[in-house]
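The structure under discussion appears below in the form of C-alpha cells.
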Amino acid sequence: ISFAELLLLLLLLLLLLLLLWPPLPPVSVELSCGAGPSHVVLEPGLPLLLDCNLGASDAPFNVTWLQDGMTLPLDGDYLQYLGNGSLLLLPTSKDGQPAQGLEGGFSCISASALGALTSRTVNVLLASLSKFHQEPSHQTVPAGGAARFECQIEGVPTPVITWEKNKVAVPEETSRFISLPNGVLQILEVTKEDEGAYRCVASNSARKDISHEARLTVPAGELHHLRMPRWCSAAPAVMECMAQGQPKPLVSWSRQDVPMAVLLCAFSFPTMWDLSFYCAQVQALFAFFPIAPPVILQPPETVSLSRGNTARFVCNSSGEPPPVLHWLKNGKAIRPFRRVKTQSPGVLLINQLALEDAGYYQCIADNGLGTACATAKLTVIVREGLPSPPRHLSATPYSSTSALLTWEKPEYNSDQIIGYSLHCQRAAGSDNVEYQFAMNNDTTEYHVKELHPHTAYAFFVVAYSPMGASRPSLPVTVEMLEDVPSAPPQLSIASTSPTDIRLMWHPLSSQHSRGAVTRYRIEYSSLDQVDTVFSVEVGGNETQFTLRELQPNQAYQLRIAAGTGIGFGVPSEWAQHQTLAHYNHSDHMIFAPTELKVRARVNTLNVTWHASPNHTLVSGYKLSCREVEAEESANGESASQTQTIRLRKKARYHLLTGLGPDRQYEVRVWAFNKQTDGAAAVWKGRTDKAHDRTSPPPMRPPPLPPSSIQAKANSSTSIWLRWEKPRFSNVRIINYTVRCSPAGTTNASLVSYHTSPAQEILLGALRPFTRYELAVQSNGVDVVGPFSGTVEESTLSDRPSTPPEELQLSALDSSSVLVSWRPPLEPNGIIISYVLLYSGNLSQPEHLWMNLSQEGRFTSMEVQGLSSGTHYFFKLGASTAVGSGPYSPVKDVHTPLQKYELDIHAVTGIIVGVCLGLICILLCMCFSFRNGKSREISGGLDSTAVNPQYRRGGCPIPSDLPECGDSHELETLMPPGSQESGQPLAESPEEQSLMASANPVEGGDAPAPEPKVKTCKGGNSFPDGPWILCCFFFLC
C-alpha cells in the first residue's frame, strides 16, 4: 500500500470515528426558587438544557417559558421543548447557522392544581470575544529595572490571557516573570537577555486572538528614580502595586478598617545613612466596594389559616448592593390593595383571608448581580358550620366625621355568632390604612367616629363564631359630609398701581378644604379705620383678585377665608400692605412681580412668581424672608432679622431652606434696576408642622428570632417564659418583645405584648386554667426582627371564681326537692364536686346547715327526707382540686303538706274481688232458677204418663236420665219443717234397710228421713248445692 493510500485510509477512519462519536451532553442548569448561577454561557457545540424544577408537583404540567418577561414562541430554530417541561437551547440551527436572539433572562412558570410558581431568572450569554481594547506598547527599561506590558480585552466567558516572547510562550516557572489575571505582564530585574518582541494571546470557548507585538529594549545603565504605583480596576479584584528604584523598594500592604474596603500600598527605601528617608514613603489607595449576589436569610413560612384571619409572610435577604424585594402570587406580581399590604422590610400582610387568597407566595430578591427567591404556601381553611356573611350592610353619614353602620345577622348559623368586626378604609388611594372595630354579638350597628370630612370610605363586616370567621359582607362605600375648611389659603399681595392691590393664593388641599370650595371671602380695611371692614366674595375657582379704587400711599390690612357649602372656615391672619404713592415718572416705575405663590413645607418655602408688567426696566429681583414673631411691636415690625437675596433677571423661582417647622414667615419679592427698587409682592404664611414619624432608618437585616423558647406555668395567673439569644445575629439586640394570646383566639384585643431586656419574663395577670400561645421577637436599634414560632403553655387551676349558675328548686312531694344548676362561668379548673347546703332557718350559722355532695359531672340531685309544709333555703358551691369557690345566692322552696291517699294496689284488689263475687252470685242464681223449674215439672207429671221402665226394686227411671249407681249424698242445712208435704216415693227394700241401719231409733217409730240431694253422673245438680257455693265464694 502506497503512502497516499494509507493516508486516505486514515482520513476515512477518522471521519468514521467522528460520525460514530456520541455528541457532547448538554450543559444542564436547574431553574428553581433556590440558589443557583445568575449567568450561564451558551458555548459553541454545547447545547444548554434549562430544567424547570419548582417542586409544585412530581410531574410538572403547563410549564411556560419566559425570555426577558415575554412568553417564548412554541417553535424556533434554536429552541427545543422537551416532554418533561425542560427547554433545550441549541448553539446552532439545523443548517449550521450560529444562534441569534438567545441572549437574555430566562425563567419558567410551572402551574399545578394548587397554584403556580415562577423560577429565578438566569441570564443566558452567547460565547464571544471582542477586539483588543489595549495592546502592549514598546518598553525601554535599563538593566535591573522592571518592565510592564498590558493588554485589555473582553469576552464571555472571561478570556485567558497568556504571553509570548518572540512567538514562544513566556516561561512561568521563573519568579521574574509575573502574569496577572487582568492582562498585565511584569518582568522584574530586567536583563539584556529579556529583550525581544512580546505579545499577548487571549482565548476562550468562542475563539482566539493575538495582539500586536511590543518590543522590550534594555539599554545600559542603572535606574535611580522612583516609579509610582498604578491603579488597577478589573473585574477580578487585582490590585497592582509596582515600584522600582535603587536601592530596591520594600512593598507592603495594609487594610484600613472602614465600611468600604480600602487597601493601602506603601513602599519605602531603607538606607543606612539616612533613617529619616525611611519614613518618607509614597502611598497609593485602592478603594473598592465588595459585591455579593442576593441571599434569602429568612424565607417565608408555609401556613394554614382559617378564613377571616390575617396571614403575615416575612422575607429577609442580604446582598451588596442591598437587593430589592418584591412578592409574587402564583407567578404574578402582587399589587397592594385594600386587604393586601407590603411593609418594609420584606413583610407581606393579607387581612381577612378569603378562599381566593390560597396559593403559592414567592419572595424575590434582586440586586442586579442575580436573583434569589423563596416560596411559601398559603392554605385557607373553611370549616363546616361557619356563619354566612352579614347581610344588608348600610352606612349613613352621621356628621362630617362620623357614620352609622347597620347590618343584619347572617342567614345561616347566626345563633353561633360570638362577635363582629367592622373594617374601614379610605376608598381612594393604594396604601391606605385599614381600621378594625370589634363588637359583641348583641348588636348589629356601630357608630364610627374620627373620620375625615368629604372623604369616601369603604366598609365591610365579618361575623365570628367559635369555629372561625365568615366571609366578608358585601362592601359599602359612603362619602362623608362636608365641613368648613380647617385652614385658610396662603395669601400673596402685590400692587401694580397706586389705587389697587392684587391678591393671589393657592387652592387648598383636600385635607384642609374638607369639601368643595365654592367661594372665597376677602376682607380689608385701612389702618386708619380698622373698625370699618370691607368684604368681597369671589368664586371658588378663582386664585387671584384685584382690589381697586383704593387710596394711594395708604396702609391696608387684608385677610382671606375659604368657604364650602357649609360655611366659611377660619380666616388668615391680617397681612399689611401699602399702596403705591402717586408716581410722577411712570416710565421709570417698576411694578411688583405678578402671581407670587409660595408652597410651604416643613423646613422649606418654594417661592414662584411671574415677571413684572414692565420687565424691560428690570435688572434683577430681590427676595427677602423674615420670621414673624408671635408678638410684634406696635409699629408692626418684627425683631427678627430679614434676609435679602439678589436673583438674576430670568429667575422665576427660589427655594428657601433651613426654616423652622410651624413658623410664621413673610416673603417679599420685588424687581430692581440700577436706579431704584420696584414695588414688592408680599406673601405671609406658616410652614407645615413636623411629621410625627421620623425618617426611615437605613436598610439593615433584622435580627433573627430567639431560640430554645421554654414556657412553664408558675401559678394560676402567671407563666415563666425563657429563651436563648439567636445563634447568629449581625445586629446588636437591645431587648425582646413577647406576644401572648389565648390559644386559638381571633380577637385582637386579647393579644398582649410585653418587653423584656433579659432572656426571661414572668407573664402575669393571666386567666387561670387557660392555654396561651407565646412567641418572642428580637429588637435591635431601629430594627425589629420576626417573631419566633409559638409555644403553648396552660396556667395552673384555681378555685372557681364564680358560683354555679341558674340554681333551680322544684318540690317533688312533701318530703323531697329536685335541685338543678349549670356549671360556673369561670370554673378555673375541672369541677370535681358540688356542695349543696340547705336549712329551714335562714339565720342559722352556715356550719349548722345540712350539706350534700354531688360529683362534678352531674348538674342535678334529689334531696329527700324533708319535712312537709316547711320553708327551706338552699345554696350551692363548686370545688376544684385546689379548693371550693363561692356559693350561689340563697334560693328558697316550700314543701307541700302531706296528703293521705289510698293504696292503689289495695283498692284495685278489692274491686277485682267484689266483681268476681258478684259474677259468681249471678251465675248461681241462673243455675238455681233453671233447676227449680225442672223440679216443678217433674213433680207434676202423672204416674201413668211415665214410661213404665223400672229398675230393680220397682223405681221408674226416665229414659233420658243416666244411671245413678254412683250417687253422692249431701245433707241439706234446711230444717225438717221446711219439707214438702206429700207422699214420698216408695223406696226399694235395700235402701230402706240401709236407712234403718244408719238411723236406729229406740222404741218407737222412726222419724221421717231428711231430704237428700243427689247428683247423677252426667246429669243435673241438686237444687241446694249452688247456694252453698255462692255463699262460700262471697265470704271469701
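The backbone N, Cα and C atoms fix where each Cβ goes, and this holds for glycine too.
Remember, it's a predicted structure, so these values are computed and weren't measured experimentally.
Taken verbatim from TrEMBL:
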- 685-694: compositional bias 'Basic and acidic residues' (COMPBIAS)
- 695-706: compositional bias 'Pro residues' (COMPBIAS)
- 25-123: domain 'Ig-like' (DOMAIN)
- 130-217: domain 'Ig-like' (DOMAIN)
- 293-379: domain 'Ig-like' (DOMAIN)
- 389-483: domain 'Fibronectin type-III' (DOMAIN)
- 487-582: domain 'Fibronectin type-III' (DOMAIN)
- 592-697: domain 'Fibronectin type-III' (DOMAIN)
- 705-798: domain 'Fibronectin type-III' (DOMAIN)
- 803-898: domain 'Fibronectin type-III' (DOMAIN)
- 682-711: region 'Disordered' (REGION)
- 969-1013: region 'Disordered' (REGION)
- 1-26: signal peptide (SIGNAL)
- 906-929: transmembrane segment (TRANSMEM)
Contact ranking winner - 293-379, 592-697, 705-798, 803-898 against the domain 'Fibronectin type-III' (389-483), Cβ under 8 Å
293-379
Per DSSP, how many helix, strand and coil residues does the domain 'Fibronectin type-III' (487-582) have?
7 helix, 45 strand, 44 coil
Can at least 3 Cβ pairs under 8 A be found between the domain 'Ig-like' (25-123) and the domain 'Ig-like' (293-379), with each pair 6 or more apart in sequence?
yes
Using a cut-off of under 8 Å between C-beta atoms, tell me which stretch among 130-217, 487-582, 705-798, 803-898 contacts the domain 'Ig-like' (293-379) the most.
705-798
Reported mean pLDDT - the domain 'Ig-like' (25-123):
76
